[in-house]
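*Asks:* One structure follows; several queries about it will come next.
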Ligand SMILES: Nc1nc2c(ncn2[C@@H]2O[C@H](COP(=O)(O)OP(=O)(O)O)[C@@H](O)[C@H]2O)c(=O)[nH]1
Ligand SMILES: [Mg+2]
């Protein structure tokens with residue numbers, strides 16, 4: 001499926017609702033307001049949009065204003081560019097069931113398609129089934145996997161993966177156990193992975209992506225903040241946009257957390273992932 005098409009399909013639940021309130025020749029303010037709140041844009045952003053619409057002379061300029069305003073929220077100031085370490089290391093964190101393992105497989109597949117090498121690290125040693133799940137992906141994708149016994153220390157598995165790939169032009173994707181902030185031990189374990197990898201190179205892990213389930217909406221903000229206490233998050237992967245009408249929550253989430261969305265998950269299949277583009281996302285929500 002094409003990139004734009006898959007985003008569009010994923011966002012239908014959110015965008016159809018918006019489309020109804022932005023009818024052919026006019027915008028129905030009350031309906032738009034209700035739809036924005038239901039799509040989880042949050043109160044502040046909804047009020048800002050309604051203000052902009054009221055001030056606009058016509059529908060066309062109203063939509064232009066809305067788009068400009070929303071794209072501006074998503075485009076955070078660029079942090080330093082991708083550091084050139086070999087290997088390049090990306091770690092995935094988040095609570096249970098959000099789609100970490102699936103996203104890792106999808107991202108490994110993207111790297112392979114781009115002609116790059118990829119390895120997996122089975123850092124979720126908390127559930128035996130998790131090691132199994134990632135092993136199956138490594139077999140399907142025919143890429144190396146580093147793993148330990150159930151209960152093993154994920155930091156040392158990740159350390160080994162990087163040490164043994166030294167100097168290689170390769171991306172290493174580290175899976176981790178799902179955890180809640182209330183589980184102090186697991187939070188400390190996650191912190192330790194980062195600390196141990198920094199002993200190899202201060203730039204490691206190059207990226208720490210938090211995987212968030214879009215259907216949780218704005219509640220993701222609190223969830224992510226609890227992870228930020230322990231590790232420096234560099235980006236967001238927003239999964240399950242295909243199954244929710246809460247696609248608008250991306251805006252308050254990015255505005256509050258001040259970290260960019262890097263990828264969006266648009267289904268359960270291996271190709272159901274897209275690199276995130278603010279413009280494409282907003283244009284899909286508000287088609288002309
Ligand atoms: N609809 C949909 N399902 C997804 C998406 N990403 C993951 N899933 C499903 O969510 C469930 C949990 O995924 P998993 O990767 O095991 O989550 P983890 O516990 O965070 O590793 C699985 O059934 C996945 O197929 C997505 O973008 N859309
Ligand atoms: Mg998993």
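Keep in mind that glycine also has a Cβ here, set from the backbone N, Cα and C atoms.
Those TrEMBL annotations? Automatic predictions, nothing curated.
For reference, TrEMBL lists these features for the protein:
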BINDING   94-101, 175-179, 239-242  GTP binding site
DOMAIN    260-273  domain 'SRP54-type proteins GTP-binding'
*Asks:* The domain 'SRP54-type proteins GTP-binding' (260-273): mean pLDDT?
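*Replies:* The predicted confidence over the domain 'SRP54-type proteins GTP-binding' (260-273), as a mean pLDDT, is 95.
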*Asks:* Give the helix, strand or coil assignment DSSP yields for residue 97 (GTP binding site).
*Replies:* coil
*Asks:* Give the three-state DSSP assignment (helix, strand or coil) for residue 176 (GTP binding site).
*Replies:* strand
*Asks:* Looking at the binding-site residues 100, 179, which sits with the largest number of other Cβ atoms within 10 Å of its Cβ?
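*Replies:* That would be 100, with the most Cβ atoms nearby.
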*Asks:* Let me check the 10 A CB neighbour count of residue 176 (GTP binding site). How many other CB atoms are there?
*Replies:* 28
*Asks:* Could you check which of the binding-site residues 97, 100, 176, 179 have their CB within less than 6 A of ligand 1?
*Replies:* 97, 100
*Asks:* Which one of these binding-site residues, 94, 97, has the sparsest Cβ neighbourhood, judged by other Cβ atoms within 10 angstroms?
*Replies:* 97
